[in-house]
Amino acid sequence: KKAKGKSATVCGYPISIFFIVVNEFCERFSYYGMRAVLVLYFKYFLRWDDDFATTIYHTFVALCYLTPILGAIVADSWLGKFKTIIYLSIVYALGQVILAVSAIHDITDANKDGTPDNMGFHVALSMVGLILIALGTGGIKPCVAAFGGDQFGDHQEKQRSTFFSIFYLSINAGSLLSTVITPILRAQECGIHTQQKCYPLAFGVPAALMVVALIVFIVGSGMYNKTAPQGNIMVKVCRCIGVRKMNMEMSLLLHRSSQYPKRAHWMDWAEEKYDKLLIAQVKMVLKVLFLYIPLPMFWGSRWTLQATTMNGDFGILIIQPDQMQTVNPILILILVPIMDSIIYPLIAKCKLNFTPLKRMTVGMFFAALAFVAAALVQIQIDQTLPKFPSSNEGQAKFINMMNKSLPIKAGANHNFLLSQANEDYLTFDKPFELILGDGIPEMVSLSDGTRNTMVIVQDGVQPRPIAFKDITSKPEQGANAIRFLNGFASTVNVTVRNEDFGDIVTNNMSKYIAVPQGNAEFLIRNNAGQVCVYNQKFGFGSSYTYIITPTFAFGPNCQEGIRPVLDIRPNSIHMAWQIPQYFLITAGEVVFSVTGLEFSYSQAPSNMKSVLQAGWLLTVAVGNIIVLIVAEAATLPDQWAEYILFASLLVLVCIIFAIMAYFYTYIDPTKIEAQFAQKEPDEKQKRKSLEMARKDSVEHYKGDRRSSDSSSDSSSDEDDVIQQSKM
């Protein structure tokens, strides 16, 4: 039953869907905007370490994709979609507000030093807020799409199909804008007593957008078609399946008596207690859920770390590695209209039967091709990466701080004349003999799996090596790992932006600091207050050791006394090479995901549309879990091999899904439900007769059993029957 609103139509579309689409845009802005800065909030505000912050983040995301089942059950069984969206949106908005309040450091900063005095209070508020957000966003997620589909009549299938495309556009438009805007808001500084990164603003704007989403949805209330819930449908479904199981066992026990003839479908065993309409609806849901089994593999298509080893300099535009992900929603905004307005109509004119399941199969194949493209790019990247030591090797680089070139012999295979620093690291798999000039040989043992810099300094009349540990991987997030070696006669202090390398004594090395791409200004100071300004432009992913030479002097030409030593080359493969794989995965997502939303709605019975939408969303959660398991279990040494593994799994799943889709029969749930509704009175009478016959049969069986108990000759036979019934 539907409560018909008074929604007018424009170009065949109900005006009510405008409110639903705007609501979805604001809600997705709220969710993705909050999520964009969440890990940074954990790390820099709550002071959690990387591992714990990442664990809590992924737990929260997983919870957001598991709660749709709860929201769908509440909507279809109890409150209805409209009330479920309203109530859970209030919970959602409240969670966003609590999270924004938790980020105000001045609340517990009694001594006004910029650090909260009661961090536990902020952690507790944050967790309460995130739990409410997970319940809200997950609970309304399956309801909004299904509620939008309810606004169309049976004669508006084309408009409903277009609605799901527009709906998907609004999701990606909201996520695109929010992931660009909220990091900018976070970068602002705010506070009452001390100025810090403005997390309250970064969380407050998404909270405001969620309130706007709720208000917009309520404003359209009088125009909506509202489908009333039909009782606790999930309990009925479970009981129906349970009765089916009981009747099958009873049939086996009675050796297929006339009261229990063979059934065409295994769910038909529930006919004696439940009407055929409910059984038919359960069949519809189970058919689609069975079809969902291979789908989770699609959602593993992500390669966020690959961009950190690539060059994002596009000339007039510099793209950071994490910004490359915005290519996906941008392409979605472009490709969805192209697919709906050009591609699909052209296919229809060619009289090709491009059914929804065929579209989804093509989408999975595109995703597999995207992984192949990612693997080809990764192979090119790997050729530019440095060769880091294995678990049973050590590497060394030599820097000469003396005022003359020095002959060096390292092991049996390395003899060279060192003026300042050798270009590449030398690899050793066992302790080696080191001879510096005419000095005494000494044995050097490097720790396995490490890179080391051997700084050679003058010690009296003999040169002496000093070992320092180097990084053994590319810097994270495309940053540049920079450190300073002080060969100057006095202690110096080096800073860059807001980062401090600390005081560096003579012949010592500073810590590494991650410096982002672009121009960097280093300030070198001594105890006398003199300052040297050293400017350097960086690319992506390099590592440098800057030597403050013994001849360094403060003054206008101080930069001449600083020598760079390249430890890890900057990224050279351009990020533009990722565009083909993003195009393929986005094309696959548009064909797969938009069609999947529409298919889940069109094939669902009227009383379980939210449940099937939740089942669709559950494939996302399961897919991400599968990807984590496969990635951990595979333990492949090369990243490109992992991409090929995922491509192979996608092709396999694509073939399995294509076979399943071939045998799937499309249905019209509305027509089927109408047919059963006409037959319902006769079916109730027939079901009552069958129930009476079943009871008589059971009583007859019990009477025979009591009679047989008195006969010792038949005792063994009855034991066999009872044993069979227990099985």
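Just so it is clear, glycine is given a Cβ too, placed from its N, Cα and C backbone atoms.
Keep in mind it's a predicted model, so treat the numbers as computed, not measured.
Going by TrEMBL, these are the annotated features:
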COMPBIAS  679-708  compositional bias 'Basic and acidic residues'
REGION    678-727  region 'Disordered'
TRANSMEM  52-73  transmembrane segment
TRANSMEM  85-107  transmembrane segment
TRANSMEM  119-140  transmembrane segment
TRANSMEM  161-181  transmembrane segment
TRANSMEM  201-224  transmembrane segment
TRANSMEM  277-295  transmembrane segment
TRANSMEM  330-348  transmembrane segment
TRANSMEM  360-381  transmembrane segment
TRANSMEM  579-599  transmembrane segment
TRANSMEM  611-631  transmembrane segment
TRANSMEM  643-664  transmembrane segment
Cβ pairs under 8 Å between the transmembrane segment (201-224) and the transmembrane segment (85-107), at least three: yes
Beyond the flanks of the transmembrane segment (161-181) by 6 or more, those residues with Cβ under 8 Å of it: 13, 17, 20-22, 24-33, 36, 145, 148-149, 151-152, 205-206, 325-326, 328-330, 332-333, 336-337, 339-340, 590, 593-594, 597-598, 601
Contact call for the transmembrane segment (360-381) and the transmembrane segment (119-140): at least 3 Cβ pairs under 8 Å, seq gap 6+: no
Considering the transmembrane segment (119-140), which listed stretch of 85-107, 277-295, 643-664 counts the most C-beta pairs under 8 Å: 85-107
Intrachain residues whose Cβ lies under 8 Å of the transmembrane segment (85-107), provided they are six or more past its termini: 27, 30, 34, 41, 45, 71, 75, 79, 114-116, 121-122, 125-126, 128-137, 139-140, 143-144, 147, 191-194, 196, 199-200, 202-204, 206-207, 210-211, 213-214, 217-218
Highest-contact recorded stretch vs the transmembrane segment (277-295), from 330-348, 579-599, 643-664, CB pairs under 8 Å: 643-664
